Amino acid sequence: MAAAAATAATKGNGGGSGRVGAGDSSGARKKKGPGPVATAYLVIYNVVMTAGWLVIAVGLVRAYLAKGSYHSLYYSIERPLKFFQTGALLEILHCAIGIVPSSVVLTSFQVMSRVFLIWAVTHSVKEVQSEDSVLLFVIAWTITEIIRYSFYTFSLLNHLPYIIKWARYTLFIVLYPMGVTGELLTIYAALPFVRQAGLYSISLPNKYNFSFDYHAFLILIMISYIPLFPQLYFHMIHQRRKVLSHTEEHKKFE
């Protein structure tokens, strides 16, 4: 579940649309890119997703200017947030049919972790929707996704501005911890309401002889951040050094 905030930075190594140009300098990958029809589709997909997250960003700014407060801004962008984040499920299909050379399993984990947070936590536990922690991860996701989908679009067009590449491999240093903090605080805020309502929990006895405690499940998800966060974060730091140093070396030779 820690991948929910790391998606933007880790997906470039496998998991979304336009992964061919996601910072990998492997000549083999570039030669084995998608065909013209698939490339055109991926460009359109990434342009639409970039525009969608820009709509969310503009919605946040407009709501803030209208209210004069950052509290409860979630309600102003709830629908587009759900729509475009759920739209990322197509990225799993892209990997499954082979137009993007990424792991279906890894991509599924990354995408579903965010979809889970949006629908199974924020949507299902309405009491947390006014929490500032929701705004924290929404802002982190919004900036991240605008950069990520822009990165994929320009990469597919073989015209990637350095500023976008730099932003993709630099801003996560702040955005990843910011997103993770927002996610954890949101899940934590949901716990008492989940327990009180028995949300998504299954008690014994029942004909299937099966029980499930959603409250305990959310706690396990929070605990999973402890080993996953540092591993993913330092992996991304390593990727940043590798990708940006390679770019600088390439510029010197030019």
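Note that Cβ sites are derived from N, Cα and C of the backbone, with glycine treated the same way.
Sequence annotations record features per position, and here Swiss-Prot assigns region 'Disordered' to 1-34.
As annotated by Swiss-Prot, N-acetylalanine applies to Ala2.
Positions annotated as compositional bias 'Gly residues' by Swiss-Prot: 12-21.
Using a Cβ-Cβ cut-off under 8 Å and counting only residues 6 or more beyond its ends in the same chain, the transmembrane segment (42-60) has close neighbours at 17-18, 34, 73, 76-77, 80-81, 83-84, 87-88, 90, 94, 99-100, 138-139, 142-143, 145-146, 149-150, 152-153, 156-157. The feature transmembrane segment is assigned by Swiss-Prot to 42-60 (among others).
Annotation source Swiss-Prot lists transmembrane segment at 80-97 (among others). Beyond the transmembrane segment (80-97), the same-chain residues lying 6 or more positions past its ends with a Cβ under 8 Å from any Cβ of the stretch are 11, 15-17, 42, 45, 49, 52-53, 55-56, 59, 74, 103-104, 107-108, 111, 114-115, 118-119, 123, 138, 141, 145.
What Swiss-Prot lists as transmembrane segment is 108-125 (among others).
Residues annotated as transmembrane segment in Swiss-Prot: 131-146 (among others).
Summarising the annotation, Swiss-Prot assigns transmembrane segment to 170-187 (among others) and lists sequence analysis as the type of evidence.
Per Swiss-Prot, region 'May be involved in interaction with TECR' is recorded for 198-214. Counting residues 6+ beyond its ends, the region 'May be involved in interaction with TECR' (198-214) has Cβ neighbours under 8 Å at 120, 124-125 in the same chain.
According to Swiss-Prot, the N-linked glycosylation site annotation covers Asn209. DSSP gives Asn209 (N-linked glycosylation site) a coil state; it is part of no helix or strand.
Feature annotation from Swiss-Prot assigns transmembrane segment to 218-235 (among others); the stated evidence is sequence analysis.
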